[in-house]
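Positions annotated as substrate binding site by Swiss-Prot, on the basis of sequence analysis: 8-15, 21-22, Arg60, 87-90, Lys98, 114-115, 183-184. Here Swiss-Prot flags His9 as active site, tele-phosphohistidine intermediate, drawing on sequence analysis. Per Swiss-Prot, the feature active site, proton donor/acceptor maps to Glu87. Summarising the annotation, Swiss-Prot assigns site 'Transition state stabilizer' to His182 and lists sequence analysis as the type of evidence.
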Amino acid sequence: MKKIVLLRHGESAWNKENRFTGWTDVDLTEKGIAEACKAGELLKENGFNFDKAYTSYLKRAVKTLNCVLDRMDQDWIPVEKSWRLNEKHYGDLQGLNKSETAAKYGDEQVLIWRRSYDIAPNALSEDDPRNPRFENRYQEVPDAELPRTESLKDTIERIMPYWKCIIFPNLKTADEILVVAHGNSLRGIIKHLKHISDEEIVKLNLPTAVPYVFEFSDELNLEKDYFLGDPEEIRKLMEAVANQGKKK
């Protein structure tokens, strides 16, 4: 039996403030650190021993991974970071409060911007200081590949080459792999693994720092998937995520 665990990062400062974050490199809150530590303890209690871990270039995911591995006493395992695992780029929405934006444009429009499969928010201009081409961490990425905005479809197209060529093939030699990333980048992986339709994927709400386990046969066929934790608590957390983009 082979396993891949997908984990969304713990609560970030802009999660707490209900802002569109995207590629903005905000830190974890104290609650987010505690969530990450709890996830690590839960994984350890359930006997997970990872062979390798993957994460994005954004500190909220990197620090979540560090907390998890520390609590599991597995700090030594190989870790690979990739910009391809970054969150969906929210264009010029980045930094705006979701509820205030919903009050201005309506819940339906904000839901489209947040979760539509193929509609992206307005793009950042080339001279916008938030444009990733100005950041040192992306210097080795061709400028044409760096997004100024993304739909979920765009995000999945960015992630899938890395998933198909790097992460998933490693399951041939590894027994357990951990991927710590973001709500939309993980949504893309889940859509691929479970063959979820474009229409249904927008309804999937991933809570912060709740391990999502995928079990595969030795032939790498998906056999089972489940969240680790109390089902009722997880349901409430999912509901809270769904309500983030609604006006108050």
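Cβ coordinates come from backbone N, Cα and C, glycine included.
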Spacing of the two Cα atoms, Gly183 (substrate binding site) and His9 (active site, tele-phosphohistidine intermediate), in whole angstrom, works out to 8
Rounded Cα distance in angstrom between Trp14 (substrate binding site) and His182 (site 'Transition state stabilizer') is 13
Densest Cβ environment (other Cβ within 10 Å) across the recorded positions His9, Lys98, His182 belongs to His9
If we take the Cα of His9 (active site, tele-phosphohistidine intermediate) and draw a 10 Å sphere, the recorded positions of Gly22, Lys88, Lys98, His182 inside it are His182
Here the recorded positions are Glu11, Glu87; the one whose Cβ sees the most other Cβ atoms within 10 Å is Glu87
Rounded Cα distance, in Å, between Glu87 (active site, proton donor/acceptor) and His182 (site 'Transition state stabilizer') is 5
Same-chain residues at least 6 positions away from Lys88 (substrate binding site) with a Cβ under 8 Å from its Cβ, in sequence order, are Gly22, Glu150, Ser151, Leu152, Asp154, Thr155, His182, Gly183, Asn184, Ser185
